[in-house]
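Written below as structure tokens is the structure these notes are about.
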Amino acid sequence: MLYKRNPQLNKNGELIHLLSIEGLPRDVIHHILDTAGTFLSVNEREVKKVPLLRGKSVFNLFFENSTRTRTTFEIAAKRLSADVINLDIARSSTAKGESLLDTIANLSAMHADMFVVRHSESGAPYLIAQHCAPHVHVVNAGDGRHAHPTQGLLDMYTIRHYKKDFTQLTVAIVGDIVHSRVARSDIHALSILGVPEIRAVGPKTLVPGDLREMGVRVCHDLKEGLKGADVVIMLRLQNERMSGAMLPSAGEFFKSFGLTPDKLAWAAPDAIVMHPGPINRGVEIDSAVADGTQSVILPQVTFGIAVRMAVMSIIAGNEA
Ligand code: CP
């Protein structure tokens, strides 16, 4: 029988790259979340540094825009004492036609130890991982519509922080799910961690029906989708990934699926509201909810530093 090993794990089942949450063992996810917990206190100290990546060079390669992911990866790497190089893609030789793999080969010749990669093409971080030297680690910081594993992990950290036990939860993911790598990573993580009710909520054009095969309940009515939910994850309309009109208008979308205080009342009284950002106020979420007492959108960002420190320190400590 042909056996295809998960490329992000070594033969001992240890994490050497983080490319996707799909296929990660539950204990690996818990190890990342537990390790992130130990880094939270580092981030609250006056001297916010530990020497775990001292002497290592981390290259941030963001071929797509980013505020949260890029900045928190840079902070995380610096807090682990790594040397951090942010390649300015717009001014790099990519603009002169240099291929992705030639860029990687040249940066590897500068003794890169880790690449953090965001790319519009699904699979780009896998390609890089396949072509790197065995000692080099790759972290997917978002590839096309495919995966955003560190966002998925920081979302799990946030849920565990506020709700403790995954096995009793109802989680509603609302909005543009078809274009969302965050939704895909969250659904894989929630399934692996044993969440019994995962709902994908939105209009038919934005919620793929095949999610049912992953055990997800698909709802095209917001009231049904939010009813009794413990966690509500709102998603942005990804206009940059839409080809042609998938919605009548942003105003119509807000009327049917935008989260307002009245609609949030359909969820559990102690529900938390999450969003990976960037938020579009008045499109998928009302300001009264985004800035309200149930919102944990900014704590998600803060937890992201500790989770990215955990991922980088764990993979750097494992050999291919
Ligand atoms: N959540 C997220 O990926 O945000 P950025 O695009 O700002 O990194």
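Every residue gets a Cβ built from N, Cα and C, even glycine.
The number of other Cβ atoms within 10 Å of the Cβ belonging to Pro278 (carbamoyl phosphate binding site), over all protein chains shown, comes to 10. Annotation source TrEMBL lists carbamoyl phosphate binding site at Arg68, Thr69, Arg118, His148, Gln151, Gly277, Pro278.
For Lys96 (L-aspartate binding site), other Cβ atoms within 10 Å of its Cβ number 6. Lys96 (L-aspartate binding site) falls within a helical segment according to DSSP. According to TrEMBL, the feature L-aspartate binding site maps to Lys96, Arg181, Arg236.
Here the domain 'Aspartate/ornithine carbamoyltransferase carbamoyl-P binding' (17-160) has, by DSSP, the following mix of helix, strand and coil residues: 67 helix, 26 strand, 51 coil. What TrEMBL lists as domain 'Aspartate/ornithine carbamoyltransferase carbamoyl-P binding' is 17-160.
The feature domain 'Aspartate/ornithine carbamoyltransferase Asp/Orn-binding' is assigned by TrEMBL to 168-314.
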Binding-site residues close to ligand 1 - of Arg68, Lys96, Gln151, only those whose C-beta is under 6 Å away: Arg68, Gln151
Could you say which of the binding-site residues Arg181, Arg236 has its Cβ with the most other Cβ atoms inside 10 Å? Arg181
Show me the subset of Lys96, Arg181, Arg236 whose Cα is within 10 Å of Gln151 (carbamoyl phosphate binding site); these are the binding-site residues I mean. Arg181
Report the same-chain neighbours of Thr69 (carbamoyl phosphate binding site): residues 6+ apart in sequence with Cβ closer than 8 Å to its Cβ, ordered by sequence. Phe62, Arg118, Ala141, Gly142, His148, Thr150, Gln151, Gly304
